Amino acid sequence: MSQPIMLPQGWEARWDPQANAYIYVDQSTGRSQWEVPLNPTFPTSPTPHAPPQRHGRRAYPSAMYAHAYDTPAPHVGPPQPVAGYAEQGTPQFITPGFEGQQPVQQPPYAAVDHVAGQFQQMNIAPGAAPVAGAAAGAYQGAGYAEKQLHSTKTKTVNLIGLQPDVAALDNPPPPALLPANASVTSSAHSQPDPSYQRCTLNAMPTTQSLLNKSKLPLALVMAPYRSIRETDNDPDVPVVEDGVIARCRRCRAYINPFVTFIEGGNRWKCCMCGLSNEVPQLFDWDQRAEKPADRWARKELNHAVVEFVAPTEYMVRPPQPPVYAFVIDVSSAAIQSGMVAVAARTILESLDSLPNADNRTKVAIIAVSTSLHFFSLPADATEAGMLVVPDLTDVFLPKPVDLLVNLTESRPAIESLLAKLSDMFQDSHTVGSALGSGLQAAHQLIGKIGGKIIALGASLPTIGEGVLKARDDPKLLGTSKESQLLNAGNNWYKTFAIECSKNQVSVDMFLFSGTYTDVATLGCLPRYTAGQTYLYPGFNASRSEDAIKFATEFGKVLAMPIGLEAVIRVRASRGIRMSAFHGNFFIRSTDLLALPVVPQDQNYVIELQIEDDIKGSFVVIQTAVLHTTCYGERRIRVITQAMPTTDSIAELYTSADQIALATYLANKAVERSMSHSLDDARNHVTNRLGEMLTVYKNQVTSAAGGASAQLAVPENLLLLPLLCCALTKHVGLREGASIPPDLRAYAQCLLTTLPCQTLIPYIHPRFYSLHNMPPEAGTIGGDDGAMILPPALNLTSEKLERHGLFLIEDGQNIFLWVGHDAVPRLIQDVFDLASYHELQGGKYTLPRLDNPFSERVCNVVDKTREMRRGVYRPQVYVVKSDAEPALRSWALSLLVEDRMDRMSSYAQYLTTVKSKVNGS
């Protein structure tokens, strides 16, 4: 039997059933903590062993080639410090306040090139076991609270000389260590899954001055309309269907797991403003069974994420039907690229997938070139009639009826039109596009109802409304004026977008041009109407890879169960207010976000401020999304998150979420690149990181006031510097005069809309070795029966081998890197070719061959394509190690730990940050 814990005088231990652990309370002050209040002992950290150093060029004995790719990699332990970063025997963990007792010798950082050279000579084996495919965001499933691990103290890590453990990017955020009995039930679902909502801090500072002093950002990161995936074992969102919605009379918060019942259960106390409210009469009544119900089983008291079916008082009009207006560019460029044919075929094949359960869905189709082509689709017709409007200055509808029609009633005419739409304009040699006028016509069609305009453009709008000019001046690229190309070139689009938002109209843009399209300007429409932008540069439907990618993504967009006519409002405990908003929406008032359509898996970031000092032991933040489902039901999705309060900077840093911080910094950097310059945006990321680590060094460790050879970070922020380094090298922000403005603008669209699960690999790609992956990789296994992926490698070219096959992916593209000494058997088994020289680089459709290795490689590629939420289907590019420079450079640019053009390596980036921390 274990010995009882002896506590110091004045302390007592209280059992916390939610945490399944004791919490220790100082009775004199009321202060509580998770660690045992004893005189601490500080065990010596184990001495890390540096890997054997290798000198000069690596030799590749030819005898090894024949079996290199099918020999499984040996089991390796956790990542070790890279030789050349720190001397062997350097302890990497620091106990705050005691690092003075742990002397560390560091290489002289004036010799940056020498350190970088040592880094490049290393070839460290991956330090992670094979992971199941669902592990990328594995914590994003049900019962997140059950998976939380309670940290008892801050661990400080010295980053200098430590190879980043990239597998830790999938770790859950630090837990919110709430006081005992903060929740009225013991449900494991009382806190939201991080894929719905997370905060940059999981402990709330009690004052704004403390927050300012910490230099930590305070922001919510949310994707409230997250998709439900069976492959991730996602549970459905619980729905309260009895019409009983308990709300606070003062702050209008919804009842949730963190309220308190008082006066014998007849009233409940709001956890945000403290007001006492009556419990609704039917709250404890089962209306279906007509008998008393168990209050503690109610969904809103057990689940942080819940939906209420809204009664009529939540409606200003009957729920709108789903409405889709397609505006299709039929100019010569669009026809010749094959875009029109693929788009029409995809719409035709998706008619059964469009949300139309109650047969209310409406559809309109408008073709645009130098004129507007409307199509009459009567309910009793089998053929469509075309009406041409050449007047583009004063757009009007040529017919009052049959242009916007019921999908079910006019199905024959719609199918007939889509089947021959491309052929109708096949002989057109029209150059120019009246896309702006087409958008205006679509708005006139659906503006009285609301809905979604889906615009497909293959050339720059050159006539009619919203004319744009080619402004991609190469002289501006790489200069401080490049930010001009990231802002709208014509205010008409923003004005039109705001008008659309007022009428509950959203716009999605699909852009295909092989030349400049001005994504920055056209992207204004989705940005202010809660839509999304999709770019297909150099699209050519004769390449099956292009056609399949567009058809797949377009089909998923059409089948998406969207929300309609929505508003989002975030409420928080007294003293906290929302100060800034980032994402695709229109800010209708100081705290109300208007979204004509709520697409799945779109991310939003909301900055918070502390107006008044916070007195309670914990705070609650609640997001409410009032929307109409595409099935005609008005609902409120409510997401409630609670976190403890603290007056300790050390606890703030221990609670910080590096994934949420990286997401916040990405949004702020994009905002700054548009308002200032790209250089300023990159500096902003690095400076914010430096400020945070400076405060951590000075306030949490004992190294305050002096220069240090170490770069101390809390263990939970171990990978934040790597993510910041990767962000500054991302195509949306990085330095260089060779990045087309459209690609940069599109990358910024993704940086501000992708949910965390997809954004992090977009910033920090995944890197796998396939030729020697463990035998279980590429097969079904694990407790959840998921596809097992190879161990993730660090993003450095030092991992590449001349005889190897590697996969690099960022969620948008997949690169298969083939070494020029790859053995013929590998080429034969994967590509069905006799030798490396027969292999062609570029976009590629990987064959599934009749051999085990091909099967496993294809499984890894397939799993990579579908492992994350969203509509995107990454294209596969084969990159030969001696390939054309542009493709090779593109793939290598994803290896963010390497030096890139004038941008520093990760080791050098840490040196820069350390200099900022030391004030030099």
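Cβ atoms are placed via backbone N, Cα and C, with glycine included.
It is 248-273, from the ranges 118-143, 248-273, 716-741, 872-897, that Swiss-Prot records as region 'Zinc finger-like'. Here the region 'Zinc finger-like' (248-273) is broken down by DSSP into helix, strand and coil counts: 3 helix, 7 strand, 16 coil.
Taking the centre of the Cβ atoms of Cys248, Cys251, Cys270, Cys273 as the Zn(2+) site, the nearby residues of that chain (Cβ within 8 Å, site residues left out) are Arg249, Arg250, Arg252, Ala253, Cys271, Met272, Gly274, Leu275, Asn277. Shown are the binding-site residues Cys248, Cys251, Cys270, Cys273; the one with the most C-beta atoms within 10 angstroms of its own C-beta is Cys270.
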